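Feature annotations, courtesy of TrEMBL:
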{"type": "DOMAIN", "residues": "1-105", "note": "domain 'Thioredoxin'"}
{"type": "DISULFID", "residues": "30-33", "note": "disulfide bond"}
{"type": "ACT_SITE", "residues": "30", "note": "active site, nucleophile"}
{"type": "SITE", "residues": "31", "note": "site 'Contributes to redox potential value'"}
{"type": "SITE", "residues": "32", "note": "site 'Contributes to redox potential value'"}
{"type": "ACT_SITE", "residues": "33", "note": "active site, nucleophile"}
């Protein structure tokens with residue numbers, strides 16, 4: 001079950017403005033991004049009610065990707081109350097991402 005929110009340029013700012021949000025910047029044509037999808041979806045379930053997990057398609061939301069300097073995908077950015085607190089580029093383990101989220105709760 002896909003519980004992960006898909007953000008757009010229009011919804012991005014309101015989604016990250018409060019609480020802890022992990023955003024997965026990727027694209028449907030990117031094999032490493034597809035490898036990360038099940039991990040991101042599991043994190044969405046694991047942290048339901050504690051943190052938000054969301055995805056941004058860099059092709060559909062180029063303005064958001066440009067604003068955060070996304071040059072390689074997948075890139076994961078962790079926000080707390082609208083501020084960037086951590087960044088990870090490339091495929092990451094579920095445990096590493098879970099630890100990053102937990103550290104901000």
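Keep in mind that glycine also has a Cβ here, set from the backbone N, Cα and C atoms.
What TrEMBL annotates, mapped onto the structure for a quick look.
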residue	record	Cβ within 10 Å
30	disulfide bond	17
31	site 'Contributes to redox potential value'	8
32	site 'Contributes to redox potential value'	12
33	disulfide bond	21
Fill in: Where residue 31 (site 'Contributes to redox potential value') falls in three-state DSSP terms
helix
Discussion item. Could you tell me the mean pLDDT the prediction assigns to the domain 'Thioredoxin' (1-105)?
Written reply: 94
